[in-house]
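**Q** Just passing along the structure, written as C-alpha cells.
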Amino acid sequence: MGLSSALDTFCGQSYGAKQYHMLGVHTQGAMVVLTIVSIPVSIIWVYLEPILVLLHQNKEVAALAQLYARYLIPSLSANGLLRCITKFLQTQSIVFPMVLATGLTSLLHLILCWVLIIKFEFGIKGSAIAICISNWFNTIILALYIRFSPSCKETWTGLSKESLRNIPNFLRLAFPSAVMVCLESWTFEIIVILSGAHANPKLQTSVLSICLNTCGIFWMVPFGLSAAGSTRISNELGAGSPKAAYLAVKVTMFMAFLVGILEFSVLMSLWKVWGRAFTNVHEVLIHVASMMPIVATSAFIDSIQTAFQGVARGCGWQKLGAFINLGSYYILGVPFSVVSAFVFHLKEQGLYLGIVLALTVQVVCFLLVTLRANWEKEAKKAAARVGGSEVQAEEAQGGQNVHTDS
C-alpha cells in the first residue's frame, strides 16, 4: 500500500498531462518493485513466531500468528499487483470495473470461507487460503480488463523496457510514500502490542482491538474520498490547472469535514450498543462503551487527516508527509500513549488518547502546509515530474498567482 501510493502522483499527474502511455510505464515499474519487496516480507513472515516472542507476546498466540502468516504468503505478490492495478484504473477515474470485481471477489470469499473454515474445518489456515485465492481472483479479473478493454488502450500499450529504466525515478517518491504509510499503520500495531503489557492483557487487547476495528471500518469512507480527491488534484496539476487543483482541495476537505461529523454522530448515538456487534462479554462491553467518546472523536479527526493524506499524494508531498507522520506518531503520539497508560494508569483510554493526539497534530501540520502552498508552483512541479509539454509548464508558470489565501 505504501510503495504503490507513489502511483497516485505519477499516474494521476501523467494522465492530467495527457502523457497516457506513461501510466502503463509507471505501473509496470511499480509492479516490479512491489514483487521484489514481497520477498523479504515473506522471509519475515516465515520466522514470525520468534520475532513476536522477542516482543514479549504470548508464545501460543505467536505460533498461531506465524502459521497464519505462512499460509498468507502467496497473497503478498497478488496484493502488490492488485494495488498497482487499482491505482492505474483509479487515476483514470475508471471505477465501475473495480466495484464489480470487488463485489464478485467478496462473494467468492464468503463461499471460500464457508467451505474452508466451516465445511472442512481448516481454521486459520482456511482463512489465509481463502484470502490468497480471493486476492488472486480479483487481480486476474482486473488485469484481464486492462488487457482487453478499449478504455485502457491508450494507457496500457503492452510491456515496456522503459518501465525498468523508470524505476529509480519511481523509488524517489515510492520510498517516502512507504515511510509515510508505514509510520502511521505501525502505530496501531504498537498500541495493540502495548495493550498486552497490562495486568489484564486479554481484556485490554480485546477492547483495543474492537476500538481499532471500529476506526478501520469508519476510515474506509474518508479513504475513498481521499482517493477521489487525490485523483482529481493530481489530474488538474498534471494538466497545468492550479486553480482547478486548489478548488478540488477545498471540495475534498469540505466533504471530509461533513463525513467526520456524520461518523462522530453515528458512533455517539450507538455508544452503548456498538460493542455488541463484536462481543457479548459483559466486561468488554462496559470498557468499549467507556471508550466510544474517544473513538468517535478520533473518527472525526481521522476523516480530515485521511483527506489531507489524499491531497499530499495528489501533490507529491510524500516526503513531507513522512516527516509529519514521524513527528506526530513517534515523537508525540506513542510516548503520550505510554505515559497516559502506564504512568497515569489510564489503561486503554490512555493508549488511545495518544492516537487522538497524533491525528490532531497531523491535521494541524497538513493544514499549514496546504494553506502555505503556491498552487502555481505545484502545477509547474507536476509538469516537470511527468515530463509534461512545454506549453503546460508555461501555462502553470504564467497563469494567475494561485495561493490558498486568495
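Backbone N, Cα and C atoms are what each Cβ position is placed from, and that goes for glycine too.
Curation plays no part in TrEMBL annotations; they are all automatic predictions.
Per TrEMBL, the feature transmembrane segment maps to 29-48, 98-120, 126-148, 169-194, 206-225, 245-264, 284-301, 322-344, 350-371. Annotation source TrEMBL lists region 'Disordered' at 386-406.
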**Q** Give me the stretch from 98-120, 126-148, 245-264, 284-301, 322-344 with the greatest number of Cβ pairs under 8 Å to the transmembrane segment (206-225).
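**A** Per the Cβ count, the answer is 284-301.
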**Q** If contact means at least 3 Cβ pairs within less than 8 Å, sequence distance 6 or more, would you call the transmembrane segment (98-120) and the transmembrane segment (29-48) in contact?
**A** no
**Q** Take a look at 126-148, 169-194, 245-264, 284-301, 350-371 and tell me which one has the most Cβ pairs under 8 Å to the transmembrane segment (29-48).
**A** 169-194
**Q** Are there three or more C-beta pairs under 8 angstroms joining the transmembrane segment (284-301) and the transmembrane segment (322-344), sequence spacing 6 or more?
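**A** Between the transmembrane segment (284-301) and the transmembrane segment (322-344), which are separate recorded stretches, there is no contact, as judged by 3 or more close Cβ pairs.
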**Q** Against the transmembrane segment (350-371), which of these stretches has the most C-beta pairs under 8 Å: 169-194, 245-264, 284-301?
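**A** Between the stretches 169-194, 245-264, 284-301, 284-301 has the largest tally.
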**Q** Mind checking which residues of the chain, 6+ beyond the ends of the transmembrane segment (126-148), have their Cβ under 8 Å from one of its Cβ atoms?
**A** 68-69, 71-72, 74-75, 78-79, 81-82, 85-86, 88-89, 97-98, 101-102, 104-106, 108-109, 112-113, 115-117, 120, 156
